[in-house]
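The annotation transmembrane segment is assigned in TrEMBL to 12-30, 37-53, 87-106, 112-133, 145-169, 175-195, 258-281, 293-314, 326-345, 351-374, 381-399, 411-435 (among others). Residues or ranges marked as domain 'Major facilitator superfamily (MFS) profile' by TrEMBL: 12-440.
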Amino acid sequence: RARRAGPPDGGWGWMIVAGCFLVTICTRAVTRERHCCLCISIFFVEFQAYFGQDYARTAWIHSIVDCATMLCAPLGSLISNHVSCQVGIMLGGLLASTGLILSSFATSLEHLYLSLGVLTGLGFALCYSPAIAMVGKYFNKRKALAYGIAMSGSGIGTFILAPVVQLLIEQFSWRGALLILGGFVLNLCVCGALMRPISLKEDCKTAPELLEQNYVPETEKQDLKRMSICSPLIKLWPHERLCYCSWKEYDFLLMPGFMVLAVSILFMAYGCSPLFVYLVPYALSVGVSHHQAAFLMSILGVIDIIGNVTFGWLTDRRCLKKHRYFCYLFAVGMDGLSCLFLPVLQSFPLLVPFSFTFGYFDGAYVTLIPVVTADVVGTPLLSSALGVVYFLHAIPYLVSPPVAGWLVDTTGSYTASFLLCGFSMIFSSALLSFARLAKKIKRTHLPSLTGNTALKQHIWTNGAIAYSVTAELDQRDVEFLAVDTNSFSKR
């Protein structure tokens, strides 16, 4: 297949956006992949009443499904990179549908832990991050807008499915509703068929091509030769680039920018997860009816769509394109502030503005997560990086809903749980802000280094920075150059 010079920014790319849009409807609107469950939060009350368990034990269902989804995200990226994005998404659709269908026959919470939690979560893991990464391969100039449209499927799905699921539960019980959702999720197989692969020149080169390049260090050339000879997998695998890409595709883990982003993701994931589990139970506890509580989720879903599209469009504008990082920080911080005010909102008219505010900024930073990740690691490594980013959500998603449920059971109110969520998200935003500020201050102390073009070129061709030799040396490489300056001056 011929390699393109760059992303087409259109054409079949819009079909990729449509496929990703359907993936987000089938995954995040049913069991919200990046957050804790939306439609399954409606099942929360039904599970608790049917099995007669407390908040903490019932919340493990939501924790396990999100933990399995995020924990297995690198597996989805691996299959997408080395087999096929189409195969990965279709296989994920079959697993997720099977999990939902088996859950309709559950006789205990432990049964739901395995079927709805592990099996469905694994299926969604194989679908979501490969579909998101594929959008990034087809778009560059309009990347944020494309992601906004693709990920607005979550909001549209929430707006439609939240009241529909409530109606299905009333008509067919929770068992019938899960069975119908299992059939609905099979549409992921159709989404996978749309994911036509594309080859870009900026993608990883094959091992023979890399051996001919002068900028590859001699030690790496020897390793490539040895791997090409000794590994039978390289000879049998259908993709020639497996050798080098498998070896170097996770180099971004050592980038300081990605390290800081990873730590902030942990706190953001902890803060956002419990709210989607406990918003409906909290609304019911303050006297809101079941239909009004479901309507709050529908409002959140509609405003989520507006946040997806408008923030995607705005951050693609020339005036904001260079500041997408700070737009992401602002959106996360505003969601944290919204959580802090939630305990004093104890009626339906007051909860409606909360759904508007939280839903809008939630949609905003959901859109920017893959965009910011791509800005940090680059498009060729986006699939692997997204797998790691979603993997980092696993532990917070596993721990935070049960911890929040334990706080509810212990204190008798939701105040402590929501305050903890709010402060966690604010800390996530503040951490990234301080890191960017420290990086900017550090750059001001390197005027001679940033202004010396000859030194940059010498270090570039010397192979001191392996991950950036195929791209233009930009500002985020300054930190690595500063570390290597002392050793370079002694050569």
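Here the Cβ of each residue, glycine as well, is placed from N, Cα and C on the backbone.
Owing to the predicted nature of the structure, the values given are computational and were not obtained by experimental measurement.
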(Q) Do any residues, 6 or more residues outside the transmembrane segment (381-399), come within under 8 Å Cβ-to-Cβ of it, and if so which ones? (A) 33-34, 36, 63-64, 66-71, 73-78, 80-81, 125, 128-130, 132-133, 136-137, 249-253, 258, 261-262, 265-267, 269-270, 273, 369-370, 373-374
Q | Of 87-106, 112-133, 326-345, 351-374, whichever stretch has the most CB pairs under 8 A to the transmembrane segment (411-435) | A | 326-345
Q.
Are the transmembrane segment (87-106) and the transmembrane segment (175-195) close enough to be called in contact, which here means at least 3 C-beta pairs under 8 A that are separated by 6 or more residues?
A. yes
Q | Top partner of the transmembrane segment (175-195) among 112-133, 293-314, 351-374 - counted as Cβ pairs under 8 Å | A | 112-133
Q) Do the transmembrane segment (145-169) and the transmembrane segment (351-374) come close, with at least three CB pairs under 8 A (pairs 6 or more apart in sequence)? A) yes
(Q) Can you give me the average pLDDT across the domain 'Major facilitator superfamily (MFS) profile' (12-440), rounded to a whole number? (A) 80
